[in-house]
Amino acid sequence: MTKFIFVTGGVVSSIGKGIVAASLGRLLKSRGYSVSILKLDPYINVDPGTMSPYQHGEVFVTADGAETDLDLGHYERFTDTPMSRLNSVTTGSIYQAVINKERRGDYNGGTVQVIPHITAEIRDRIHRVAQDTHPDVVITEIGGTVGDIESLPFLEAIRQFRKDVGRRDLAYIHVTLVPWIPSAGEMKTKPTQHSVKELRSIGIQPDILVCRCDRPLQAGMKEKMSEFCNVSPEAVITSQDASSIYEVPLMLEREGLAEQVLDILQLEQRQPDLTQWQRWVHQLQNPSRRVEVAIVGKYVRLNDAYLSVSESLRHAAASADADLQLRWVDAEDLENGDPATYLDGVDGIVVPGGFGARGVDGKVAAIQFARDHQIPFLGLCLGMQAAVIDWARNVAGLDGANSAEFDPETPHPVIALLPEQQDVVDLGGTMRLGLCPCKIQSGSLAQRLYGEDIIYERHRHRYEFNNAYRSLFLESGYCVSGTSPDSRLVEIVERPDHPFFIACQFHPEFVSRPNHPHPLFQGLIKAALGSDLTLVDPAPLPAETV
């Protein structure tokens, strides 16, 4: 029978609930328990697909094509378990479902209310995750902060959930802040006490407190919070700031978080096997060399907009025994200045995805710089499209070449709208999304990196390489090394006369894992370090549901 864990947050936002939930998932999985993690987001958007990266950060795409919160990326990377659209729920999607039911007459003329109808829909979504994959444990993270108006229906739903499954099959974890007050020279528990008081006023008594702090809790503080918050001293868990998020599972293991959870849920206490994770963290913390990679993007003022990209580079660098240094470069700066000012000295360049014309010419300039100076280059989604635009303008001599997305009147639309997108009106959830197969050309760099003839990768785009220019592209020395199985859609392009120049239409960053660095990122880092690419051992990618 599935057990349920609910993770709430108090005192401040961005307190790290997602990392705590993901870390707990890793600790339970290391004990042989299967885990699925669900995120409840209180915003009214149906999904984050149309939200600005500056508002929301990265949009993480699941294998089944859901556009979700970046926390699902943490869940997948920490647990090495693919999530689905069932693992992402927003207030908007809940209200949309309830209103659709009302329009169909499912409520038999009754008055539709937050309680019981909205809360019942929320509970049903949680049950659905358990029914879909039958995990041993479902961990649910509730977005927002206790006390927010937006979160109240979710909190009420998880309070009611106790009646659905019984007290022995459910645990509440509250992540809170214990700040250090410099003027007083001590840490304060009062914010935690008030946060728990707010939670208890809703009818939820936390079983475990996870206390975020920048230093070890002072003597007697666990006992004090235990007494005031009505939890056992052993259930007051310290979560001290770490140099890397990947240290957090090991820190929480030392604090006994998993043991407390298993006790509450009356599950068997098993010995964890964290050997692989410990080895990975040791690699991360003890590199013998250094590599610097530039990420040239249009949303670099918020690094979370490219979270999976930076983490994928980190996975690959650690596996190559290298300390990763990231140089964040605003693509717009390259439109008005000399690219060398921003890119000189880097070992590799990544141009990630994005939408809209702003900064695209800067991305093209970065790619031309990488091509001219033989710097290892990896393009992702829009990064591939920008590489094609660079080829068209600067190699093939097609004046005015562009993407039809940015210039509908361009004389050379080397990037064009997918045929199936021609009549699409709505923006949300209508792109080419999720896992798609890709056929790899024998003897190509892509084939050397993947070690496979057919791969599956996640997509999020409306525009593709215009096949009217494919022959000219090939004649000018470039290679189309990956296509859809019917050869209609160009998925990977390369420049064979370059040490490492490869770009893909998909998003490989969504399937990179600490223990399985993605082959494209692994290849980039190897090339950036000057290593022989023949030594790249094709890493098996996580199993996906095709």
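Residue 1 is the first one shown; counting continues down the chain.
Yeah, the Cβs are placed from backbone N, Cα and C, and that goes for glycine too.
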Legend entry - Which of Ser13, Ser14, Ser23 belongs with Asp148, Ile149, Glu150, Lys188, Thr189, Lys190, Pro191, Thr192, Gln193, Lys224 in the CTP site listed by Swiss-Prot: Ser13
Inset, instruction - For the L-glutamine site that Swiss-Prot lists with Tyr54, Leu382, Gly383, Met384, Gln385, Glu405, Arg462, give the additional residue from the candidates Gly25, Gly354, Gly434. - result: Gly354
Inset, instruction - Look at the ATP binding annotation in Swiss-Prot, where Ser14, Ile15, Gly16, Lys17, Gly18, Ile19 are given, and name the residue from Asp47, Asp64, Asp69, Asp71 listed for that site too. - result: Asp71
Inset, instruction - Starting from the Cβ of Tyr54 (L-glutamine binding site), draw a 10 Å sphere and report how many other Cβ atoms land inside it. - result: 11
Legend entry - ATP site span - longest C-alpha distance across Ser14, Ile15, Gly16, Lys17, Gly18, Ile19, Asp71, in Å: 13
Legend entry - Of the binding-site residues listed as Tyr54, Leu382, Glu405, the one whose CA lies nearest the CA of Gly18 (ATP binding site): Tyr54
Legend entry - Cβ neighbour count (within 10 Å, all chains shown) around Gly383 (L-glutamine binding site): 25
Legend entry - Which of Ser14, Gln385, the listed binding-site residues, has fewest other Cβ atoms within 10 Å: Ser14
Legend entry - Beyond the site residues Ser14, Ile15, Gly16, Lys17, Gly18, Ile19, Asp71: chain residues whose C-beta lies within 8 Å of the centroid, for ATP: Gly9, Val20, Ala21, Glu141, Val175
Inset, instruction - Please work out which residue of Asp71, Glu141, Glu405 has the most C-beta neighbours within 10 angstroms of its C-beta, and give that one of the binding-site residues. - result: Glu141
Inset, instruction - Work through the binding-site residues one by one (Ile15, Ile19, Leu382, Met384) and point out the residue whose CB has the fewest other CB atoms within 10 angstroms. - result: Ile15
